[in-house]
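The annotation ATP binding site is assigned in Swiss-Prot to H15, D171, G172, K173, K248, F249, D257, R263, K264, A280, K284. The Mg(2+) binding site feature in Swiss-Prot is assigned to D17; the stated evidence is sequence analysis. Per Swiss-Prot, the feature K(+) binding site maps to E43. Taken from Swiss-Prot, the feature L-methionine binding site covers E56, Q100, D257, K288. What Swiss-Prot records for 100-110 is region 'Flexible loop', and it gives sequence analysis as the kind of evidence.
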Amino acid sequence: MSRYVFTSESVTEGHPDKICDQVSDAVLDALLAQDSSSRVACETVVNTGLCMITGEVTSKAQVDFIHLVRDVIREIGYSGARAGGFDANSCAVLVALDQQSPDIAQGVDEADDHEGDPLDKVGAGDQGIMFGYACNETPELMPLPISLAHRLSRRLAEVRHNGTLDYLLPDGKTQVSVVYENDKPVAIDTILISTQHTAEVAGLSDEQQVRERISDDLWTHVVEPATADLPLKPSKDSTRYLVNPTGKFVVGGPQGDAGLTGRKIIVDTYGGYARHGGGAFSGKDPTKVDRSAAYAARYVAKCLVAAGLAQRAEVQLSYAIGVAKPVSILVESFGTGKVSNAELTELVQQHFDLRPGAIIQQFKLREMPALSGGRFYRDTAAYGHFGRPDLKLPWEDVENKASTLLQAEASRLQQGNTL
């Protein structure tokens, strides 16, 4: 019997890097909502009293970027007397956006391998490799460690916003360690929560008393509600529970650490449980395959698992800049597939159109901001891009496609042919 512990982390929306991801995606939403053909590569930097957006944008949209940035920061919770050194109302906002390089634009606008099909005309915005993953550990077909870490982070933000724990401040991180036996989760080994807070908590100022009060409150108002519907639940008797291990966490957010777009790519995906191609998502329009192809790879992997063709599936895609069709497609089922990896790969090649133009069209990636009232990508920028029961994400809707795959495999077996 194999036994091991696997750990994943999440961060709250007030973490400096996540502020940047949300600002970058808010810029993307605003541009696409007005002009669905916008080309966007927006990077954000935050530090004490400063937020700067930079990158490349080609768009007909007219956006008040400074007002937009302040609104995002304010909604996260950095405003007023408790904002510290990063206040939405007074921080400097710098805008340094250029146009997209014409050398890149020509490859995206007119793919090298098009032969009359309009979808062949949309080439990949860059070369790269992308991975998608799914497994049957949770209802949303995500690994349990990252799923639980996100639950804790979302709940941590919720009790701050609704005033349940009014001493909490926006910055925070969670980490969950899960015990596996024979690749199945069997227990929650450790829960770690680091959360920013006011210097005084419920009339207490002694550091030890403050820490104990926060620990008790988080167990009652965060840990227990976040895990209430899980078959595996943490226990004070058997689960190691750590809160603010350094003792206190008063100085946080951009005042404590600078932030940058794209520095939480493992938090954004599978918590390290699956491989990652290295490309970030936030601030990038759908022609960037770092984003759109990673969404498609997740969709494919989730379809395979939802169809019962594998208990675990990892899908790798690769692209060349300016070329529409993927350079390669590979499925790995880690020995859990009902058929071989080669057969699963061929099934994917037959039933999924993974050209960037087709991905964009299927998931309406250019139209989603306008269809969602001007806010779509921004909501993916905190608490993960996959396995989000709180959001209606088109790449997570696999029921119909999974049924098609199951029927195709059943038909193949009936005919006695290989794929």
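Cβ atoms are placed via backbone N, Cα and C, with glycine included.
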From E43, G172, K248, D257, K264 (binding-site residues), the ones whose CA sits within 10 A of E56 (L-methionine binding site) are E43
Students should find that the Cβ of H15 (ATP binding site) has, within 10 Å, a number of other Cβ atoms equal to 27
Sequence-ordered binding-site residues within 10 Å (Cα) of D257 (ATP binding site), taken from D17, E43, K288, are D17
The correct three-state DSSP answer for E56 (L-methionine binding site) is strand
Check: min Cα-Cα distance from G172 (ATP binding site) over binding-site residues D17, E43, K288 goes to D17
E43 (K(+) binding site) sits from K264 (ATP binding site) (Cα to Cα, rounded, in Å) at a distance of 13
Binding-site residues considered: K248, K288; fewest surrounding Cβ atoms within 10 Å belongs to K248
Most isolated by CB count within 10 A, of the binding-site residues D17, E43, D257, is D257
